[in-house]
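Undergrad: Before we start, here is the structure in question, set down as structure tokens.
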């Protein structure tokens, strides 16, 4: 469907030229996502250490929204290269998300649940891939007239995350080690653990922070 869209919008009168560049265009669109993900993953640690885990996740919705708009409107605007740009940008978003979300899940999880919660990220990612494949069935959006609507589903996780993120505390480990705010770190940890006494974990974080500064 996408190859047909590219051919009809940009190479309608030049089938020979399309056949010559078809493989290049298609491989570029497909590989744009992993290239963007590499770029995003390289930025993830720097951004989350500088601006915070929660803030980075919040503003990472901006490239996701931009990518969603570009890919959704590629069809009505008859511009196939919007798919290429959009996939690169959503790749950057995915790279940042993978790094930051894995970090914050590890930091906020209690020791006895850390392994399970850490694997939940990959579990839900796989479930999302399955869901997107289901949407591409011909009975849903896998037709010439409806395929572009799949990209509009980008906005559902964006909106959901923006709503729910305001109820999530920052990583206490980040707050203590990078912002040096022990009081706020203890408040956030109490919310996460649902108990008042969290001094043992705070003291452990303080020891870890001292060791980081020494090394």
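Using N, Cα and C of the backbone, Cβ positions are placed for all residues, glycine too.
Pulled these from TrEMBL:
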- 1-215: domain 'Major facilitator superfamily (MFS) profile' (DOMAIN)
- 23-45: transmembrane segment (TRANSMEM)
- 57-75: transmembrane segment (TRANSMEM)
- 81-102: transmembrane segment (TRANSMEM)
- 147-168: transmembrane segment (TRANSMEM)
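Mind running through what each feature is packed against?
TA: Here the transmembrane segment (81-102) has long-range neighbours at 2, 28-30, 32-45, 47-48, 53, 56-57, 60-61, 63-64, 66-71, 73-74, 118, 121, 151, 154, meaning same-chain residues at least 6 beyond its ends whose C-beta is under 8 angstroms from one of its own.
Outside the transmembrane segment (147-168) by six or more residues, the chain places 1-2, 54, 57-58, 61, 64-65, 67-68, 71-72, 74-76, 86, 90, 128, 132, 135-136, 141 with a CB less than 8 A from a CB of the stretch.
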